[in-house]
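Below is one structure, written out as structure tokens; comments come after it.
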Amino acid sequence: MNRAALLLLADGRFPAGGHAHSGGAEAAVTAGRITGPGTLEDFCRGRVHTTGLVAAALAAAAAAGADPLALDEAADARTPSPALRQTARRLGRQMMRAARTAWPSPGLDALATARPRGAHQPVVLGVTARSAGLTPPDAAHAAAYEAVTGPATAAVRLLSLDPFAVTAVLARLAPDLDEVAARAADAAHRCLTEGTGALPAASAPLLDVYAEAHAGRPVRLFAS
Amino acid sequence: MHLDHEHTVFPQRHTWAGPTARPDGSRRALRIGLGGPVGSGKTATVAALCRALRDELSIAVVTNDIYTREDADFLLRNAVLPPERIAAVETGACPHTAIRDDISANLEAVEELEDTVGPLDLVLVESGGDNLTATFSKGLADAQVFVIDVAGGDDIPRKGGPGVTTADLLVVNKTDLAPYVGSDLGRMARDARRQRGELPVVFTSLVAENGVAPVAEWVRARLAAWAAVPA
Amino acid sequence: MSGVHATARITAVPDGRGGTALPELAGEGPIALRRTRSADERAARVTVVGAMTAPLGGDRLAVHVTAAPGAVLHVDAAAATVALPGRGGERARYEVRLTVGEDAELHWLPEPLIAAEGSDLLMTTTAELAPGARLVLREEQILGRAGERPGRLTTRLTVRIGGRPLLDQELSFGPGAAGWAGPAVLHTYRAAGQLLVVDPAFEEKPAEARVPVRDAEQGESVLTPLAGPAALLTAVAPDGLCLRRLLSASVAP
Ligand SMILES: Nc1nc2c(ncn2[C@@H]2O[C@H](COP(=O)(O)OP(=O)(O)OP(=O)(O)O)[C@@H](O)[C@H]2O)c(=O)[nH]1
Ligand SMILES: [Mg+2]
């Protein structure tokens, strides 16, 4: 048990660049589809059960010791949007910097050397969790948590939502996060024997549309 | 005009923003952060510094725009540096976070520039316009310049705040406007001295010929100090 | 064991005269196959007919298609496939396995899959491509027949080139799936689909990402270059007609 390290890793203040990203929320706000706590909750639930699940499984598999480069390739195949691939690698590189300072390890060094321009962020997150002595379910929880807190924080800023109402949204999503993390950890376990094909590949078509539309927009608050 | 302080300033600062060498062993660029309230003249200062120093130094710029690429685009339009030497970082509605609490995107941009157009002598990092408490992390900037202007009110130095009080250089810009906005430059200088002790303050008007000279002189002095540090 | 178990097989090989022969063309159970006339003289064309009522819950249907090196094969369908509820409420499975050899070309262009209310289907499409193979693949899913709620459908599309993953996408909606009706996934749209083009020419000249159509009446689509020699057009739309219109955009290299 290494619960404090998990809190540190999942904390929004962990300096890994996430604050500049909205996880598609800014584009959904622009499209008029996130307008308040209710639609934010629908957005976050969809995100965590799709790309959040995939990220959680990648992170859990990396934490379980699966080959991070194979996971990185699996992440590419699960990320058709080039804007999202670029974002994932950029955030991976930024997380790597914080991780190597906080929990230095040969595993992180090797991944940083193999992917100097950044591996997919969930993979880096998983290797980081491993370096911090965390378990695959821990890594899955951190990734699932991040999948909803990013958009929620961004929505607070973009729409000036009541922060208490948004925290209540996150609290209502907690069972979804637990369920996603459990499924992710289970898939990660199978990945060790069956390969990356055992990892979930849940997709969200509109997140891909948002990502490319947002990338082409000159005026925006968040990078993605 | 207040450059006589620089040698007294330098010995106070023996910490640099992270290792002074790059992974390949070469010396990394000196990183200077420019912060200050919206519209005070940060981009104008960066542009003028690039023009003044680009013939003697290898320079790159990182801008932190709030919701557009305006600062980067201004620098590009005015061709103060080739486009590959200018990088824009997006800050997610929170400019001070990107320069202070979570500097990873800025560090990445700096490294990216060193990798693609390096070796560099100097990287200027412009913060998005923010409030008087915004300062650069020591992990990002080796030295920081805080730019205010006379039009923002001549009581800003008196109000203090981390930017005014602790920046390595305080620039009071747009002195040409002082008569029109009724700002008392003498009072600003006295207040700044009270807040900052020995730390230097310069007054500039960037619309004047070579108006950036005092800032450029200060940058040269920092670079000389930087070069004197064993790598 | 309940339900129908059937596997249809198609194998295409070069006929040695610039065309393509079909040494194996074997329908089974509800899946009937017909050789049809192709406009492309290099290609053999096969139309899947009679899959109208299948799959029912509990059915296990499969189609295995192989385009041997150098072959050009076009497969389409006569009508939409409707997933219907079975007697015992069991899940149905439909497995499509595509193998495309070196310099072979496969067009897999079935009609839409309609998830009728109460149905439960897991549909997997796996394409194994040799380096240099070409693939044009379209998938369309409709959330229920007119005026009804959707059944449960999970579709997984996995494409590998030389054994390495190129694309892996799963879409789940209907009762028991979470979050799909929200603004991150399908919002209020009733149809979703993808058109994938794998072509070695993309190696030199990748497609450019763009958002060709975005409007609530017609739906939304996005063209994305994959991290390999391929481009993917993803679309969501109010109905199957609009979806087909979005997926008819050119994705050629
Ligand atoms: N009169 C006068 N105008 C100046 C001076 N310096 C800058 N300006 C003008 O002030 C305006 C704002 O200058 P910028 O350099 O864009 O200010 P900034 O601090 O970068 O602004 P943000 O990045 O938006 O926070 C521009 O119109 C400049 O031309 C000066 O010394 N005198
Ligand atoms: Mg500016």
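Using N, Cα and C of the backbone, Cβ positions are placed for all residues, glycine too.
Whatever TrEMBL says is automated annotation, not expert-curated.
For reference, TrEMBL has these:
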REGION    B:1-24  region 'Disordered'
DOMAIN    B:32-202  domain 'CobW/HypB/UreG nucleotide-binding'
BINDING   B:GLY36, B:PRO37, B:VAL38, B:GLY39, B:SER40, B:GLY41, B:LYS42, B:THR43  GTP binding site
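A sphere of 10 angstroms centred on the C-beta of B:GLY41 (GTP binding site) encloses 26 other C-beta atoms. Cβ proximity to the GTP site centre (mean Cβ of B:GLY36, B:PRO37, B:VAL38, B:GLY39, B:SER40, B:GLY41, B:LYS42, B:THR43, cutoff 8 Å) flags the following additional same-chain residues: B:GLY129, B:VAL147, B:ILE148, B:ASP149, B:ASN173.
By neighbour count, meaning other C-beta atoms within 10 Å, the densest spot among the binding-site residues B:GLY36, B:PRO37, B:GLY39 is B:GLY36. Proximity of the binding-site residues (B:PRO37, B:SER40, B:THR43) to ligand 1: a Cβ under 6 Å from the molecule is found for B:SER40, B:THR43. Only B:LYS42, B:THR43, of the binding-site residues B:GLY36, B:VAL38, B:GLY39, B:SER40, B:LYS42, B:THR43, place a Cβ under 6 Å from an atom of ligand 2.
The Cβ of B:THR43 (GTP binding site) has 23 other Cβ atoms within 10 Å, all protein chains considered.
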